[in-house]
Amino acid sequence: MALGRVGLTVGLWGLLWVGVVVVLANASPGRTITVGPRGNASNAAPSVPRNRSAPRTTPTPPQPRKATKSKASTAKPAPPPKTGPPKTSSEPVRCNRHDPLARYGSRVQIRCRFPNSTRTESRLQIWRYATATDAEIGTAPSLEEVMVNVSAPPGGQLVYDSAPNRTDPHVIWAEGAGPGASPRLYSVVGPLGRQRLIIEELTLETQGMYYWVWGRTDRPSAYGTWVRVRVFRPPSLTIHPHAVLEGQPFKATCTAATYYPGNRAEFVWFEDGRRVFDPAQIHTQTQENPDGFSTVSTVTSAAVGGQGPPRTFTCQLTWHRDSVSFSRRNASGTASVLPRPTITMEFTGDHAVCTAGCVPEGVTFAWFLGDDSSPAEKVAVASQTSCGRPGTATIRSTLPVSYEQTEYICRLAGYPDGIPVLEHHGSHQPPPRDPTERQVIRAVEGAGIGVAVLVAVVLAGTAVVYLTHASSVRYRRLR
């Protein structure tokens, strides 16, 4: 019995401990839930002392969980996105090149993209404005700015219209554009909204400001942007050393031709490797032409021909394409010296004879009589002999004397440019005519006058007979 009571007591104590453990295990979740409120400022323990120097803060009550649960439980699924028109971006028109610079004669392509490129009712127009003449577009329009609801300014020429059937009949098409243009200087290729403007040949006429206008057919000026197309053309450089006579100063001329733009073309001269600093020896002039600019620079040496060896000149050209880029080229040449010829004139019988010694090959004589500025009509016979100097010869020309003129001029023709006029003046009294010759001339002149009088009499008689016959015929008809 004692052992049974002891076992019963142990069993009851074991059941009691099991019950305590179960109660503690069930009570732990409830204690975890109450941690949040106890940590809030409104439920802080009153035994904690406050610091008087610390600022007082207004407590924030906790948000009830019920509202959060209710909101989460009543949330509806997000509706699918609407399929309306797409929003316009901050850059509705985007071009890959807003300020292209290309060489003269090259082929230029400009690509631009537009919004709503899949809409078949969209319309694109491209206008061209001359850079220097049209003030309506402003001196420097913003090239990357996209304008909204701005139509093309006046004064432009139409390059392209995607809806040619809607083009104003009074519009002015650019040369090489529009229906039936041949040859075509402009073309637009690519899918709608991603067009490429192709300028077949860039010149001074095709450069300028291009205005792209994009929109719907009923609102064609929705967007617009500017593209500036500029052309450059490097100069061609040539040097021309002047041929001079003995005793003349050496000269050379350099020409920078057909370049664009005409910002600056600077020449620096060298004579036999030494720079020419004296500005009085250099003369430079720039001229604007339809195909660009040309600059001509001439240097005059202090040395003269025949007093030393020929001089070699070098011109150095520096051309500034813009404020940043420039190119530099050189050209050289040696001046030549020609002997100064000696011209003589003599009269032998019925001929005038002119002789010039040591003239360049190809030089001939031209005769002038009296005050007449045209060469003499009579044929002059020329002959040529050796002079003894390479490339030169002695020439002689004869001309029959004139019975009307007393002044004679024989002039050398065929010298290079820059050589002064070389000529000789002479006087000669006309010889007396032969009496027989004079009688023959007078007889011929008298016969000519007689023939003229006879012809006049015959014509007058014929006219009288014709008028008499016509009057008689008319009188008979009246009867």
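Including glycine, each Cβ sits where the backbone N, Cα and C put it.
Keep in mind that what you see is a predicted model, and the values were worked out from it rather than measured.
On the 0 to 100 pLDDT scale, the domain 'Ig-like' (235-327) averages 94 in this prediction. If you look up Swiss-Prot, you'll see 235-327 marked as domain 'Ig-like'.
Annotation comment: Swiss-Prot describes N40 (among others) as N-linked glycosylation site, evidence class sequence analysis.
Look at Swiss-Prot and you will find N51 (among others) tagged as N-linked glycosylation site, backed by sequence analysis.
Taken from Swiss-Prot, the feature N-linked glycosylation site applies to N116 (among others).
Take the CB of N149 (N-linked glycosylation site) and look out to 10 A: across all protein chains shown you find 10 other CB atoms. DSSP assigns N149 (N-linked glycosylation site) to coil in the three-state reduction, outside any helix or strand. Annotation source Swiss-Prot lists N-linked glycosylation site at N149 (among others).
Around the Cβ of N165 (N-linked glycosylation site), 5 further Cβ atoms fall within 10 Å across all displayed protein chains. Sequence annotations record features per position, and here Swiss-Prot assigns N-linked glycosylation site to N165 (among others).
Counting Cβ atoms from all protein chains shown, N330 (N-linked glycosylation site) has 13 others lying within 10 Å of its own Cβ. Per Swiss-Prot, N-linked glycosylation site is recorded for N330 (among others).
Annotation comment: Swiss-Prot describes 30-100 as region 'Disordered'.
The feature region 'Heparin-binding domain' is assigned by Swiss-Prot to 105-119, with similarity to another entry given as support.
Here Swiss-Prot flags 1-27 as signal peptide.
According to Swiss-Prot, the topological domain 'Virion surface' annotation covers 28-446.
Residues annotated as topological domain 'Cytoplasmic' in Swiss-Prot: 468-479.
The annotation transmembrane segment is assigned in Swiss-Prot to 447-467 on the grounds of sequence analysis.
Shown for the domain 'Ig-like' (235-327): DSSP residue counts in helix, strand and coil, namely 3 helix, 63 strand, 27 coil.
Counting in whole angstrom, N330 (N-linked glycosylation site) lies 53 from N149 (N-linked glycosylation site) by their C-alpha atoms.
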